[in-house]
Amino acid sequence: MDIIETAKLEGHLESQTNNSTNTYTSPTEAVEEEDKNGKGKPKTLSNGLRKGAKKYPDYIQISMPNDSRNKLPLEWWKTGIAFVYALFNLILTTVMITVVHERVPPKELSPPLPDKFFDYVDRVKWAFSVSEINGMVLVGLWLTQWLFLRYKSIVGRRFFFIMGTLYLYRCITMYVTTLPVPGMHFQCAPKLNGDSQAKIQRILRLLSGGGLSITGSHILCGDFLFSGHTVVLTLTYLFIKEYSPRHFWWYHLVCWLLSAAGIICILVAHEHYTVDVIIAYYITTRLFWWYHSMANEKNLKVSSQTNFLSRAWWFPIFYFFEKNVQGSIPCCFSWPLSWPPGCFKSSCKKYSRVQKIGEDNEKST
C-alpha cells in the first residue's frame with residue numbers, strides 16, 4: 001500500500017510540474033530545446049528573457065538617475081551682463097582720465113619723479129608705438145581664438161569681468177593719487193577749466209581712438225598709476241595660453257615674446273613709471289589666477305570660514321557667473337557659424353579621453 005500511495009503522490013507532483021512547465025518556459029530550457037533543432041544562438045537567450053519578463057513581470061524595475069544637467073551651460077545672457085560691466089568701467093576710465101588731467105601739475109613746476117630704469121636706459125621715441133602694435137596684435141589673436149572656442153560664452157564672461165574689474169581698480173588708483181608726468185617729452189593737452197562740452201568731446205575722442213598714441217587719441221596726462229597698456233598686454237597673453245592646446249608651444253612663445261617686448265617698450269619709451277608697470281602686472285596676474293583657481297575648484301566656489309578667497313568684494317559677482325559651471329573648461333574648438341559645409345568643420349580636440357567617451361555615451365542615449 002505504501003508503494004501505491006507513493007506512486008500516486010509522485011504522479012500528482014509530476015502533473016503539476018508539467019502544467020507549470022507548459023505555462024512558462026525558462027530561458028535555459030528554451031535554449032536547450034532550440035539547440036536540439038540546430039538553431040541555438042545567443043540571440044535566443046535574450047529573446048527568451050525578454051518574453052518571460054513581459055509575461056511574468058515578477059521583478060522590481062530600478063530606474064537609474066540620468067544626469068541630464070548640462071555641466072557647462074552657455075548662458076549668453078550672463079556674458080552680456082559681463083560685457084556691459086566691462087564697457088561701463090571702460091567708459092568710466094575715460095571719464096576719470098579727463099577729470100584727472102585737469103589736476104596734473106605742470107612739468108615745469110613738478111618735474112618727473114626719480115626712476116631707476118630711466119637712470120640707466122635712455123628714451124627711445126618709437127618704442128611706445130611698438131608696444132601699442134604688439135598690444136593690437138595680441139588683441140586680434142585673442143579675438144580670433146575666442147571666436148572659434150566652443151564655450152566662448154563662458155570664457156567671454158570671464159574675460160569681460162576681469163578686464164572690467166582691472167579698469168575699475170585703475171580708475172580708483174589714478175583718481176586718489178595724481179603723479180607728475182614721467183618725462184619732459186610729454187605734450188599734454190591744455191586744461192579746459194570747467195568746460196563740460198569740451199570734456200565730453202575729449203571723452204568721445206578717447207573712446208573712438210582706443211586711447212592709443214598711434215591713433216592720436218592719447219593726448220591727456222595723469223593715467224600713470226597703473227599702466228593700462230600693461231594690463232592689455234598681460235591679460236591677452238594669459239587668456240591666449242589658458243584656452244589653447246598645450247602642445248601649441250610655439251604659439252605661446254610668440255605671444256609671450258609680443259607681450260614681454262611690449263611691456264619693455266613701455267619703459268624704454270619712458271611713457272610710464274616702472275612702478276606703474278609692476279603694479280599693473282601684479283594685479284592682472286593675481287586676479288586672473290585667483291579667478292580661475294576659484295572657477296576650477298568646486299570647494300572654492302562656496303563661501304566658508306576656511307575659504308579666504310570668498311571674502312573678496314567681487315565674490316558674489318563671481319558666484320553669479322560661475323555657479324552653474326561644473327569643472328574646468330576643456331580646450332574645444334568649433335566653427336563659429338553653422339552655415340559652412342561639413343568639410344570645413346573640425347572635431348573638438350579635448351585633453352581628456354574619458355570626457356570624450358562620456359559625451360559619446362550621452363549622444364547615444
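From the backbone N, Cα and C atoms, a Cβ is placed for every residue, glycine too.
Note that this is a predicted model, so its numbers are computed, not measured.
Around the Cβ of HIS229 (active site), 25 further Cβ atoms fall within 10 Å across all displayed protein chains. According to DSSP, HIS229 (active site) sits within a helical segment. The active site annotation in Swiss-Prot covers HIS229 (among others), and the record cites similarity to another entry as its basis.
Look at Swiss-Prot and you will find HIS272 (among others) tagged as active site, backed by similarity to another entry. Neighbour list (HIS272 (active site), Cβ cut-off 8 Å, at least 6 residues apart, same chain): PRO182, PHE224, SER227, HIS229, THR230, ILE266.
Under the heading active site, Swiss-Prot lists ASP276 (among others). Taken residue by residue with DSSP, ASP276 (active site) is part of a helix. When other Cβ atoms within 10 Å of the Cβ of ASP276 (active site) are tallied across all protein chains shown, the result is 25.
As annotated by Swiss-Prot, region 'Disordered' applies to 9-50.
Averaged over the topological domain 'Cytoplasmic' (291-365), the predicted model has a pLDDT of 75. Residues or ranges marked as topological domain 'Cytoplasmic' in Swiss-Prot: 291-365.
Per Swiss-Prot, the feature transmembrane segment maps to 80-100 (among others); the stated evidence is sequence analysis.
The annotation transmembrane segment is assigned in Swiss-Prot to 128-148 (among others). Away from its own ends, the transmembrane segment (128-148) comes close to residues 155-156, 159, 212-214, 229, 232-233, 236-237, 239-240, 243-244, 255, 258-259, 261-263, 265-266, 269, 271, 333-336 of its chain (Cβ-Cβ under 8 Å, at least six residues beyond either end).
Sequence-distant contacts of the transmembrane segment (159-179), counting only residues of its own chain at least 6 positions beyond either end whose CB sits under 8 Å from a CB of the stretch, comprise 79, 82-83, 85-90, 92-93, 96-97, 99-100, 103-105, 113, 146, 222-226, 228, 231, 235, 239, 273, 279, 283-284, 287-288, 291, 314, 317-318, 321. Residues or ranges marked as transmembrane segment by Swiss-Prot: 159-179 (among others).
Per Swiss-Prot, the feature transmembrane segment maps to 219-239 (among others).
Within its own chain, the transmembrane segment (248-268) has Cβ neighbours under 8 Å at 117, 121, 123-124, 127-128, 130-132, 134-135, 137-138, 141, 227, 229-230, 233-234, 236-237, 240-241, 274, 277, 281, counting only residues six or more beyond its boundaries. The transmembrane segment annotation in Swiss-Prot covers 248-268 (among others).
Look at Swiss-Prot and you will find 273-290 (among others) tagged as transmembrane segment, backed by sequence analysis. Counting only same-chain residues 6+ beyond the ends of the transmembrane segment (273-290), those with a CB under 8 A from a CB of the stretch are 113, 115-118, 162, 165-166, 169, 173, 179, 182, 224-228, 230-231, 234-235, 238-239, 263, 266-267, 309, 312.
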Who are the chain neighbours of the transmembrane segment (80-100) in space, where the CB to CB distance is under 8 Å and they lie at least 6 residues beyond its ends? 156-158, 160-161, 163-165, 167-168, 170-171, 174-175, 178, 199, 202-203, 206-207, 211, 220, 222-223, 228, 321
